[in-house]
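TrEMBL has this to say about the protein:
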type	residues	note
BINDING	His151, His215, His286, His491	Fe cation binding site
Amino acid sequence: GQLPSWLQGILLRNGPGMHTIGDTKYNHWFDGLALLHSFTFKNGEVYYRSKYLRSDTYNHNIEANRIVVSEFGTMAYPDPCKNIFAKAFSYLSHTIPEFTDNCLINIIKTGDDFYATSETNFIRKINPQTLETLEKVDYSKYVAVNLTTSHPHYDSAGNILNMGTSIVDKGKTKYILFKIPPSVPEKEKKKSCFKHLEVVCSIPSRSLLHPSYYHSFGITENYIVFIEQALKLDIVKMATAYIRGVNWASCLAYHKEDKTWFHFVDKKTKKEVSTKFYTDAMVLFHHINAYEEDGHIIFDIIAYTDNSLYNMFYLKNLSKDFEDSNRLTSIPTCKRFVVPLQYDKDAEVGSNLVTLPSTATAVKEKDGSIYCQPEILCEGIELPRINYNYNGKKYKYVFATEVQWTPVPTKIVKFNIQTKEMLDWREDHCWPSEPIFVPSPDAREEDDGIILTCVVKSDPKEAPFLLVLDAKTFKELGRATVDVDIHLDLHGIFIPEKDLKTKTE
């Protein structure tokens, strides 16, 4: 096929790539050492490259020829031969975990720079052209967080907005929303953007010892949307995990009897909306989009009724008959919540306060809180992406992978949220990755552009390829076959040529 002539830049992807070091093996697929890979588009041609992220974690493990740094699903014990005092001290020092810098989930942009990220306080700067690993940044030097998301948002001025959980301050567990500017004032050119990091606001955790786990959050023109869910970390268990010889993932539990709380922070006043909005327990990883309409906040998410997704990716479950033997006990469901921020304060208890045409409801309760029920938009999609120019605005299209009762995606889909129509691309034995939308330079409509996804074949004898689809019609424009093993990755970013600082071959 042929690539559009305007497609110039780099598709950068990240995910777990090495699961065995010496005689040791990680327990969980999400623990593997980060492997970056890229497709560079230049004058109608595609160049492929991949490289392990040379994190401190990678270096320590490779040097020891075994796993010596703990990951979320694998606890590591560095030196079994130490004397009892050193051992006791090492146990104590693990109470606030010293997290890994194996940044394997996503790639984010801060100013002119790009960073590999995971969900700990560390991110690693990388060179997007050569994939070499540069300096390590520790968020906790600039803001008191121990965990952060890998899905920040970018506003029109280029600021990054992100959230992290602070468990440092005993008894004051909170979620912190912070902002990093895209550049620093002229006279401080030597300083990094992180020195100008600003805390927008903090939300106290409803339970001091059981903060909610979250993987992403939402944003509208005037508000930040944060969902405090019933999938929670147990801080006491985490502090003692090392001594008990269990992994941190075992300290995560789903409390299905709990509620899910919605928090809305006004960007201008930096204050949270005081009304209490909630829904039933659910597990969510990915927000799709959010926007405001007639005094309501509308947000779309992908939710589950349990935490079976994480457990399926333990490597002991990833056997050769993985697709047939493993079934999700909860299918991902695309839900739309419609939350009335402005409503008649004298409305009767039990009345639905949603005035927009939607089957989603928001019912006033006796104590003044509002119980929300979603509209179900569709089922079986994950790794959602949108045209990011429509982020925080009313929109039509979600691009996603389709997953049915097994967590391995077999199709790429385009879902029209307004008409519920779905287009898909599929081919036998193909596992596509998260689809990334790249708008065409003269785009007039939301779906003017292309979709990029890397496709791994389930038959190891067949070569993987990069697929380019027309985002409007979902017809294939071209594919670039790569004659190397490509790993199943998680998330990534397309960097247009103009955003690459130096022109290196």
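Cβ coordinates are placed from backbone N, Cα and C, and glycine is handled just like the others.
As the structure is a computational prediction, the values presented were derived from the model and not from experiment.
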Not counting His151, His215, His286, His491, residues with a CB within 8 A of the CB centroid of the Fe cation site are Ile105, Asn106, Thr149, Ser150, Ser216, Phe285, His287
Here the 10 Å Cβ neighbour count for His491 (Fe cation binding site) comes out at 22
Top of the binding-site residues His215, His286 by count of other CB atoms within 10 A is His286
